[in-house]
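Student: Just passing along the structure, written as structure tokens.
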Amino acid sequence: TAWRVLQLGGSELDAVERGCGQCEIDQCDGSVGYGGSPDESGETTLDAMIMDGNTMEVGAVADLRHVKNAIGVARKVIEYTKHTLLVGESASLFAVRMGFPYEDLTTQKSLSVYSKWLNQSCQPNYWKNVVPDSSKSCGPYKRPEKVTYKEEQTISQRSVHNHDTIGMVVIGGSGTVASGTSTNGAVHKIPGRVGDSPIAGAGSYADSTAGGAAATGDGDIMMRFLPSYQAVEYMRMGTDPAVACQKVISRIQKYAPKFFGAVICANTTGSYGAACNKIPGFTQFHFMVSSPLLSQPTEQVVDCI
């Protein structure tokens, strides 16, 4: 979809918006768009961002409710406000003002995922050091009277069978770069949680003087390292995109060896690459590429490091 937009004369931003928007409509992997990844209260909320590598403008929404086209709303943040990131119910009110329909994001599928989780004593979840014991029961949780911290193993709870996000980097014919992301976030997240996807430099980053990058995986860990920004900086120094992606993954590995995640990178000349962290069940990363050199969109695979 994104490639078609470019071929029909659309801008790089148009391509990102339409490409990610198609995934929202298709509910890609159940991890993008409505009807997926219910939070602890059973609600599906959306995060998205879009970035213009010419002007360095970013539009983003997080914890967006009742509006399906999150990347479309993110684009409107650039076009009609001087802000970068709008969140929660207020972001939904902005979206409605911009002409987006207010609708239910819950589906039979998301309801069944939610009820199954409740029946499994709310496992897994994202709480720690609380009472009652979050590894055995549902909340409501609170702080214990006496705090004893136990070391948490940072093993990702993301399912390795789906990538949590659509991340996209578009390089135009003149080398102009745009990037974007859209996701419904971590399944059973604590309401109000925002991951890496809508954060510039974490979920994605675009700079028309260097290139673009986008990340997927365990956003709670990955966002601490601004991997997309870092990858673009490596490419600015002349590092090959594949190597730039690998260097970013290696940096995170030092602190969280068992994290689930991957990064895609592309520079202004059209070279590209990707890298992922090798964990049980996730040894390769698949991503799609369209380019003038390929007759059709092609799936590429890299071995994780």
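Heads up, the Cβ atoms here are built off N, Cα and C, so glycines get one too.
Pulled from TrEMBL, these are the listed features:
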type     : residues                                                       : note
ACT_SITE : THR165                                                         : active site, nucleophile
BINDING  : ARG193, VAL194, GLY195, ASP196, THR216, GLY217, ASP218, GLY219 : substrate binding site
Student: With every protein chain in view, how many other Cβ atoms are within 10 Å of the Cβ of GLY217 (substrate binding site)?
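Tutor: By my count, 28.
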Student: What whole-number distance in angstrom separates the two most remote CA atoms of the substrate-binding residues ARG193, VAL194, GLY195, ASP196, THR216, GLY217, ASP218, GLY219?
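Tutor: This binding site's residues have a maximal Cα-Cα distance of 16 Å.
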Student: At the Cα level, what's the spacing in Å between ASP196 (substrate binding site) and the residue listed as 'active site, nucleophile', rounded?
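Tutor: Roughly 10 Å, rounded to the nearest whole number.
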